[in-house]
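In what follows, a structure is listed as structure tokens, so that the remarks can point back to it.
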Amino acid sequence: MTTTGTHGTGPFIAAIDQGTTSSRCIVFDRDGRIVSVDQKEHEQIFPKPGWVEHDASEIWANVQQVVAGAVEKAGITAADVKAIGITNQRETTLMWDKTTGEPVHNAIVWQDTRTDALCKELGRNVGQDRFRRETGLPLASYFSGPKVRWLLDNVEGLRERAERGDILFGTMDSWVIWNLTGGTDGGVHVTDVTNASRTMLMSLRNLAWDERIAESMEIPVAVLPEIRSSAEVYGTAKSGALAGVPVASALGDQQAALFGQTCFSEGEAKSTYGTGTFMLMNTGNEPVNSYNGLLTTVGYRIGDQAPVYALEGSIAVTGSLVQWMRDQMGLIKSAAEIETLASSVEDNGGAYFVPAFSGLFAPYWRSDARGVIAGLTRYVTKAHIARAVLEATAWQTREITDAMTKDSGVELTALKVDGGMTSNNLLMQTLSDFLDAPVVRPMVAETTCLGAAYAAGLAVGFWPDTDALRANWRRAAEWTPRMDADTRDREYKSWLKAVERTMGWIEDEE
Ligand SMILES: Nc1ncnc2c1ncn2[C@@H]1O[C@H](COP(=O)(O)OP(=O)(O)O)[C@@H](O)[C@H]1O
Ligand SMILES: O=P(O)(O)OC[C@H](O)CO
């Protein structure tokens, strides 16, 4: 996809978003407006049920293409661009040879569940609590550490090469930055605090690798990148359309969206509706422990300022359920059609759809759960199912906001949203109804790239401070609750009953 928008005169900031389904590059002007976009999808590789991989060489080639594409569409040159910001799908794990620059295996994607058994074993041997206490994360196949261990155990000869110091590990931020800054010819091997906080290997308080945790996972520290802040100059792009431009930010995509939504004050939260949904709340300069199934993570760190922490509710399946209705069930032809179909009925007809396709993430963290449609009768039509599909996203968000309130003590007053699913009006209204709170969407829906651009711009003095960024945030749409409390409470009870039905489907030995 390539689009060109209207823009003022330069200079500009470019952001690269290396996402789960595609890589894109967006050029922004000083008002945070989009000047140009270029985007390219990459192959999703499913070698076995539950396994998901990406070809990191294909991804790097795509990144170079979209950077060139966005620069060309903007009608600018590298000299007009003051900095490059990086944002990325988080947790996806890659190891490569630092002499040849070749990946040793496909990247293992965040959704991949191959390390389930390994996580259970680590839980038995090391203890669940230890990981949560030190890293803020529950032991789950979602995070990078167990994926690194899997690669070291399963790629022949890799452990010896890693111990010799020939191998580098990185999430996609590290891979893109290493290649951009020269690769085998002096590329810098770094990651930022937000990405590092998803590896399960970083001490959340010290913002440094926890060597004892790494040792308990049998991961040699020699493979780990240097942890840096989210907004500082890591190096300079060595080749391509933006050669000579400083690479000045890195943030995991959900943290970048928090930044792009200008959630700079404690208690401010955003929820991003894409393949999955991720809600993050800024909790200030101290990590807040979760007792209700949320993750404690780093929100961002600007240069040497104090880090900002966040609580996160991660939902594995939201937009991908709409894709499933389209691609596997054939009930709709396009994602947008789900709204038309769901709007053709008044309610869900008694049906509740819990899409626990790869277990349940927050607040349950149950890998033994599987998807369920509950409440079926002959009355139920495909339109009711479409409605239940949209309601599933809204109810899952409600469960997360309930947990956030319990953990943080902050009542939700409004939710800032972004991502592909927010173009669905019925879903946004339903969300407001179920949360009993206003839902607001900003003018620039590409908050992930915007956040990376903002951080890079701050690092090079393109924007003076976060107040200047706040001034760019403009509301495009708002939905307010219309549902009466009795209906909401009754429906929520039924949803929670349906969630119970998903648990324990997978037996341990499976
Ligand atoms: N109108 C819509 N209604 C519901 N879901 C939608 C709609 N448009 C797109 N989606 C879903 O949103 C997702 C794409 O959003 P996007 O933010 O681009 O995701 P990602 O960044 O995770 O690739 C897809 O899973 C798609 O099914
Ligand atoms: O690439 P996205 O938008 O699907 O985001 C993926 C998340 O970062 C996974 O934690």
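Heads up, the Cβ atoms here are built off N, Cα and C, so glycines get one too.
What TrEMBL says about a protein is an automatic prediction, not a curated fact.
These come from TrEMBL:
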DOMAIN    13-260  domain 'Carbohydrate kinase FGGY N-terminal'
BINDING   Thr20, Arg24, Thr275, Gly319, Gly420, Asn424  ADP binding site
BINDING   Thr20, Arg90, Glu91, Tyr142, Asp253  sn-glycerol 3-phosphate binding site
BINDING   Thr20, Thr21, Ser22, Thr275, Gly319, Gln323, Gly420  ATP binding site
BINDING   Arg90, Glu91, Tyr142, Asp253, Gln254  glycerol binding site
DOMAIN    270-459  domain 'Carbohydrate kinase FGGY C-terminal'
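Sequence features, as recorded in TrEMBL, placed on the structure.
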| residue | record | Cβ neighbours (10 Å) |
| --- | --- | --- |
| Thr20 | ADP binding site | 21 |
| Thr21 | ATP binding site | 16 |
| Arg24 | ADP binding site | 25 |
| Arg90 | sn-glycerol 3-phosphate binding site | 27 |
| Asp253 | sn-glycerol 3-phosphate binding site | 28 |
| Gln254 | glycerol binding site | 29 |
| Gly319 | ADP binding site | 19 |
| Gln323 | ATP binding site | 14 |
| Gly420 | ADP binding site | 17 |
| Asn424 | ADP binding site | 21 |
Please work out the number of neighbouring Cβ atoms within 10 Å of the Cβ of Tyr142 (sn-glycerol 3-phosphate binding site), leaving out its own Cβ.
27
Mind giving me a neighbour count for Ser22 (ATP binding site)? Other Cβ atoms within 10 Å of its Cβ, every protein chain shown.
16
Those binding-site residues in Thr21, Arg90, Tyr142, Asp253, Thr275 whose CB falls under 6 A of ligand 1, listed in sequence order:
Thr21, Thr275
Quick one: Cα separation, Asn424 (ADP binding site) versus Glu91 (sn-glycerol 3-phosphate binding site), in Å?
28
Filter the binding-site residues Thr21, Arg24, Tyr142 down to those with CB closer than 6 A to an atom of ligand 2; keep them in sequence order.
none
Quick one: of the binding-site residues Thr20, Thr21, Ser22, Thr275, Gly319, which has its CA closest to the CA of Asp253 (sn-glycerol 3-phosphate binding site)?
Thr20
Looking at the binding-site residues Glu91, Thr275, which one has the fewest other Cβ atoms within 10 Å of its own Cβ?
Thr275
Spatially closest candidate among Arg90, Glu91, Gln254, the listed binding-site residues, to Gly420 (ADP binding site) (Cα to Cα):
Gln254
Work through the binding-site residues one by one (Thr21, Ser22, Arg90, Glu91, Tyr142) and name whichever has its CA nearest to the CA of Gly319 (ADP binding site).
Thr21
Taking the centroid of the Cβ atoms of Thr20, Thr21, Ser22, Thr275, Gly319, Gln323, Gly420 (ATP site), which other same-chain residues have Cβ within 8 Å of it?
Gly19, Gly274, Ser320
With a radius of 8 angstroms around the mean position of the C-beta atoms of Arg90, Glu91, Tyr142, Asp253, Gln254, what other residues of the same chain does the glycerol site pick up?
Gln89, Thr92, Trp110, Arg198, Gly252, Phe278, Ser314
